[in-house]
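So that you can see what the record holds, here are the features copied from TrEMBL:
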type     : residues                                                       : note
DOMAIN   : 8-60                                                           : domain 'Myosin N-terminal SH3-like'
DOMAIN   : 69-761                                                         : domain 'Myosin motor'
BINDING  : Gly163, Glu164, Ser165, Gly166, Ala167, Gly168, Lys169, Thr170 : ATP binding site
REGION   : 597-629                                                        : region 'Disordered'
COMPBIAS : 616-626                                                        : compositional bias 'Basic and acidic residues'
REGION   : 641-663                                                        : region 'Actin-binding'
REGION   : 1099-1124                                                      : region 'Disordered'
COILED   : 1150-1265                                                      : coiled coil
COILED   : 1315-1404                                                      : coiled coil
DOMAIN   : 1500-1776                                                      : domain 'Dilute'
Amino acid sequence: MAASELYTKCARVWIPDAEEVWKSAELTKDYKNGDASLHLTLEDGTSIDHKLDPKTKNLPYLRNPDILVGENDLTALSYLHEPAVLHNLKVRFIDSKLIYTYCGIVLVAINPYETLPIYGTDIINAYSGQNMGDMDPHIFAVAEEAYKQMARDERNQSIIVSGESGAGKTVSAKYAMRYFATVSGSASEANVEDKVLASNPIMEAIGNAKTTRNDNSSRFGKYIEIGFDTRYRIIGANMRTYLLEKSRVVFQADEERNYHIFYQLCASAHLPEFKNLRLSSANDFLYTRQGRSPVIDGVDDTKELCTTRNAFTLLGINESYQMGLFQVLAAILHLGNVEIKDRDSDSSLIPPNNRHLTAFCELVGVTYQDMAQWLCHRKLKTTTETYVKPLPRLQATNARDALSKHIYAKLFNWIVEHVNKALITNVKQHSFIGVLDIYGFETFEINSFEQFCINYANEKLQQQFNMHVFKLEQEEYMKEQIPWTLIDFYDNQPCINLIEAKMGILDLLDEECKMPKGSDNSWAQKLYNTHLKTCSLFEKPRMSNRAFIIQHFADKVEYQCDGFLEKNKDTVNEEQINVMKASKFDLLVELFQDEEKATSPTGQVPGTGGRTRLSIKPDKGRDTKSKEHKKTVGCQFRNSLQMLMETLNATTPHYVRCIKPNDFKLAFSFDPKRAVQQLRACGVLETIRISAAGFPSRWTYQEFFSRYRVLMKQKDVLPDKKMTCRNVLEKLVQDQDKYQFGKTKIFFRAGQVAYLEKLRADKLRAACIRIQKTIRCWLARKKYLRKRCAAITIQRFTRGYQARCLAKFMRRTQAATIIQKYQRMYVEKKRYRQKQAAALAMQTILRAYMARQKYQALLREAKAVIIQKRIRGWLARCWYKRCLLSIVYLQCCIRRMRARRELKKLKIEARSVEHFKKLNKGMENKIMQLQRKIDEQSKENRTINEKLVGLESSYTAESERMRGELGRLRGVEEDAKNKANQVSSLLEELERLKKELSATQQEKKTIEDWAQKYRDEMEKMVSELKDQNGLLKKEKDDLNRSIQEQSQQMTEKMARAIVQETQQLETDLNEERSRYQNLLTEHLRLEEKYDDLKEEMALSSNVSKPGHRRTDSTHSSNESEYTYNSEYAELEDGSRAREDVTRGIDTSLTLKLQKRLTELEQEKQSLRNELENKEEQFQRARARDDEEFKKARGAELEYESLKRQELESENKKLKHDLAEMRQSLLGNAATGAGAPGSPAYKVLLDQLNASCEELEVRKEEVLILRSQLVSQKEAMHHKETMTEPSVYAADVSKLKDAEVKQAYVGLKDTNRLLEQQLQTQRRTYDNEVEALRGELQNVKEENNRQQQLLAQNLQLPPEARIEASLQHEITRLTNENLDLMEQLEKQDRTIRKLKKQLKVYSKRIGEMGAGQTEGQTSPGQMVDEPIHPVNIPRREKDFQGMLEYKKEDELKLVKNLILELKPRGVAVNLIPGLPAYILFMCLRHADYVNDDQKVRTLLTSTINSIKKILKKRGDDFETVSFWLANTCRFLHCLKQYSGDEQFMKHNTSRQNEHCLSNFDLAEYRQVISDLAIQIYQQLIKCMENILQPMIVSGMLEHETIQGVSGVKPTGLRKRTSSIADEGTYTLDSILRQLSAFHSTMCQHGTDPELIKQVVKQQFYIIGAVTLNNLLLRKDMCSWSKGMQIRYNVSQLEEWLRDKGLMTCGAKETLEPLIQAAQLLQVKKKTDEDAEAICSMCLALTTAQIVKVLNLYTPVNEFEERVSVAFIRTIQTRLRDRCESPQLLMDTKMIYPVTFPFNPSSLALETIQIPGSLNLAFLTRV
């Protein structure tokens, strides 16, 4: 193809760049032959002229089309060159965050420097069994390819992991080994895979260190062979190590560390067991502080040591050996701190009592003097004499360091040897997979002997890699019958010859080492003389005579000759070795024993601190002689490398090339310079060059036809697609050398696919333009017609509008005239009426005003007269009182004056003599008279005294009265004085009131004016208030409406909350069920493993006994209670028979299994209890309020109390009757009293008959009460009394007396039962009281909460307060409404329950009255009791639905009905579940005859036989489905006929009669339920195994809609690279298989609910597997594939709709897949698109959404990639999601199964047993 056709305008090219290595540019002008430059535009818009080389005229590299960028395989690129590879890796690494990429047979792994969630067990399971080309590149894909080829080709495999330090080699190798350990498992219980993985922390501790490039850099190479047996399970491993860097023990550069183990020991020095090691901080030891970086961020050395010690223990290295190892390591640290000082210039010494040397000697068990002597001296031997020569300080220090390195190398090899011993097993190895972890090509500023050996090893590996690639290319060409022409590829054999051939660099180095005075200078001169002129790959530096340059396959490397000879010799002071051998420390002696026959010769000399990584471990089987110890390091390394190459050449290699993206350990940072350097060094570009030299692009004919069908015309399409492709290619590509036709593929030269893509894009672009032209024409015409139609319509409507307007105007004109007439009349009339009304109003107001004025004047005059009258009267009274008081006062004054004058006169007369004489004249007479008078007076005096006493009493009373009157008068006087004072004040007040009256009149007028104004304002305000009232009414209506809406919303919200809570409870219940069922699965797996072990041991021992019978291991703790006695004897015999067989069993393994089984049983029981608790909680959550339950309980208690009273009355009656009988018997104790016909006999007989009848009725009532009270004691006692034989005497009276006593005992038992019932009720009442107290406390709390809420509301503003009150009221009403609804439902359920109980009780009472006592007796009693004289009629019995068999026929029954039954014949010809019905009918008979041993053996045999047939034919879906249906039916029968009321609701009366009567099989129901769960899980696994191969092909790969998906080039990794061609599955295959599953389960009579659960699980598997593959396949993440997936999902939904299974929840399991398909199809550009994606993809996790967006790949150039900014936007929006970080869905997850009770309407007595079952020995009962 001419360059002018490719280098056209807008073509994109790559040009060299100093910073980015390669830079993209676009042509702005077509290139023409002869042009000296290209006109280009860079991506930043800069225009440049790119000069072409005038000699070569080489054009720049072309860029690949955008649809090829980011491909999984670099060989799929059309243009294969360095910039294309670099750009593709960068796009995948930076934009898509993908670290793995294929490059042909090589997996390129870029270190992300970040922990990625792509190595979990779910990812391992996703890659397990997949072809390498089917999934995205991954280290697991390489490991799976190696494992699969080992099993398919019977050939050993190797995985070669290489790369420079820090590239991730060790991690990649570790993940590969983890994959093998997870996928294959181990062949024994010794956990070999765990031991293989446990070797990693040990080797990392002793062989890894921190460097400037890597915090956990492996400082040695290792090759691990993982061995497999014939079943390809891990049986062991073996490790070989290479190139240990011993110099790191004694020297570390800045920012580097010694080996991890030293720092782990120092960090753990505080532990008690390490006290004797005398360790301290790492900074205290020379060997650990030189790098000045003793700590690694994020690494806890103490914890790492614990991990290392645990790994040692797991590998069998006991504690004493571990402490010995740590002792040697601590001794090395102390040895490094031994200070050597100068004695003089030629000698040195160690100061005495050096504490570090003392610690070293004590730890290794050597003498201090010997060690100090030989650290500073060495022994020189000649032929005749031996000299001891002192060493200068520098040499002594080097000798000390050499000894340290030598000890560490010995310790390293010892650990490797013991690790290998722990990984070796006795099982013969069938094949192995080797994992080689070795450093890649290295070049530094100063390169020495270490880099030389490493690069030499990489030359050998590169040669092997080139040969393998070349061989694969040749095989592919031969397979496709393409003419093979030799492809020129780089062969590095000349470089290898330069190093290892005769007279090569290594030979000359060994020869120089043998020379007595050999030196690095002389060796360099020999190299110059030998190779400088003869070999073009060898060069001499211009400025140095002590260096040389070798042209390696990757780059030129300059090596410095200094130190080559010393490092190659690897000498250690022999005397120091002898001192070590003489140690008293056993482990050290073991390390140095037989030094000449050491299995791992050392490779380091005492140097001055250079890096030496040379510890080579050759084949252990080689018996070396003592002289071989003298071999040089180069010779030993060459031999070990040769052995490694022989091993690799004998295996099929797989290559992993690790790339370090930057030198700063930045996460997802890509440095193009460093990446290109490593790509050149690791051989990736060489692979590209080899591929590009031939036909790199390869398409199958179908892929080519599908992709480039658009380039063909209809006539070109032939039935033979191969011929069609040939014809089209000949037309499209003229040069036939650009392609070749193979048998199944078309091979293209580099660039041809890009050319075809260009033609396809041009064709599609032209088609798009034509489609756009046609559509635009159609749209324009459609728009014109729409406009024309619209214009006509507008005109029509406009004209009609104008006509209507004219008519309307005319009508309005006429109407206006009429309106004006009536309006004018109305206005005049209204004006007249207004004037008339105004005149009348004015007259009325004026007249009223005048009348009011007149009335006011009259009123004032009348009031004035009254006031004057009152005032004048008051004044007259006041004047009169003043005058009266004055007169009285004058009279008093005069009378006082006269009295004083009279008193004065009397006083003067009394003092005069004359007067005295006058007075005494006639005194004697008078005395006599007076004497008489005295007597008379004395008499009168007595009389008067008597009167006086009376008067005194009356006076006293009168005086008291007068005093009171006096007080009253004084008060009146005071009042009068006060009134007199008030008169003046009243006058003043009168004047003031007159003034106020005038002011009031003025104010009154003002107030009247104000009142009028206020009235007007009030009228206005009233009108405004009316308006506001209307608005308020409207707002009220709005508020009421909003309240109703809020109430409805709150109701819905509460309903949603209840639903969510119910869903949460259901989720918790399902989780508990899932845990329990997973535990059952684990239990079953351990049982199967236990059975397999027993079978293997039985086969290996070859010991057997004919009478041996192995007891099935399914006897769990639940079944142990039912194990019959005969099994114990069999177990004892079997144990004796197995004594010889089990002698070789691993006792610890057996104990471990037994312990594990016990733990599983305990956990199973605990999970069962938790499951029951969860179910109880679930029931309680559905019935929160138990008020109605209490009411119902009260009704039941009332009913029971009535029953009790009735029983008590009957009991009293019976006692009374019993007393009468006794009295009758005692009163007639004569000889013939007991004879028949006597009165006593008749009374006794009548009472006995009545008692018997009453006794039978009471027995039935007691049974009913016992079912409620669950009294085991009463049941046992009742059984004893019922089965106790009666002793019958000859005397009839004694017989009757015994029966009466028995009846009396029964009544006493009834009384005891009633007492127990009363106690139970009392406890119930106490519980109810406690519950009421709790409710009261809740009410108090609610009251407090309401008060708090009220207080909070009061603090709110009025508007918010109203809103909060409304909200609270709505919430309260809603809660009350829900509570009332729940109470109503509970009350309805209680009523229904009571009605049913009433019906049952009434029916039983009727049956009791009609039945006889014989129907209530047990079989034992019927046999033992004699015939009573009373004739009791029997009810005739028909077939009872029972089958009887003999005990010896039990094995035959199980064999014919279970073990040898053909499910297909039973499912087609017989009723569903027939085996279950037959087994239950047999069980019913065993229950009927009360044979507990028979029941136990039948159930145990049934369970064990079902397990046996499932173990034998567990992979047959039909068999598993058949026994799942029958097990469930058997379980339902056990429930339906158990006698429990909850299972008898749907039974007929006849079915209720068939209920089990003697045994409660509730525990066996649990065992059978567990068995059903195990069968269900087996069914799911069987179904999954059938569906698994179909899902990916049918749901993703097959094009159900033809032509939608586009095929892209897939590179070397085709999807048929690992397995042969298989039949392609389609969606129809999946649907047919689902239909087959469904029809099979329906034929077997599986419960509909169980079928729904199975279908839900099927759809979950389909959705999970499809989504997981979509997330791991970049080629499937496109728009067209999303459409394909949605169509497939719609077909699955249609299948569900046809089967009536849309409500089973299966559709919801496909929701993640549906959303992933929608995510592929939606727009992914703007923020609105991001928001839509976040709201749409609720079933996908954030990791899944981001993964799909990263993997989204356009199939056509018209599609666009998802930008990194958009993905970051999605991550930002989803960062608040709380979800699992797991990327893949768990395909092993099984939904917890439930078995809803499904009663059968089939009557047992109608079942007929067909003769084809060979069950003639069963007898119908």
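Each Cβ is built from the backbone N, Cα and C atoms, and glycine gets one as well.
Confidence in the coiled coil (1315-1404), given as mean pLDDT, stands at 71. Across the domain 'Myosin N-terminal SH3-like' (8-60), the DSSP tally of helix, strand and coil residues reads 0 helix, 24 strand, 29 coil. Local packing around the binding-site residues Gly163, Gly166, Gly168 was summarised as the count of other Cβ atoms within 10 Å of each Cβ; on this measure the leading residue is Gly163. When DSSP labels each residue, the region 'Actin-binding' (641-663) comes out as 9 helix, 8 strand, 6 coil, counted as helix, strand and coil in that order. The Cβ of Ser165 has fewer other Cβ atoms within 10 Å than any other of the binding-site residues Ser165, Thr170.
Long-range neighbours of Glu164 (ATP binding site) (same chain, six or more residues apart, CB within less than 8 Å of its CB): Arg213, Tyr439, Gly440, Phe441, Glu442, Cys658, Lys660, Gln678, Ala681. Take the mean position of the Cβ atoms of Gly163, Glu164, Ser165, Gly166, Ala167, Gly168, Lys169, Thr170, the recorded ATP site; other residues of that chain with a Cβ within 8 Å of it are Asn111, Arg213, Asn214, Ser217, Ser218, Tyr439, Gly440, Cys658, Lys660. Neighbours of Lys169 (ATP binding site), defined as other CB atoms within 10 A of its CB across all chains, total 27. Cβ neighbours of Ala167 (ATP binding site) (same chain, under 8 Å, six or more residues apart in sequence): Ala109, Asn111, Gly440, Cys658, Ile659, Lys660, Gln678.
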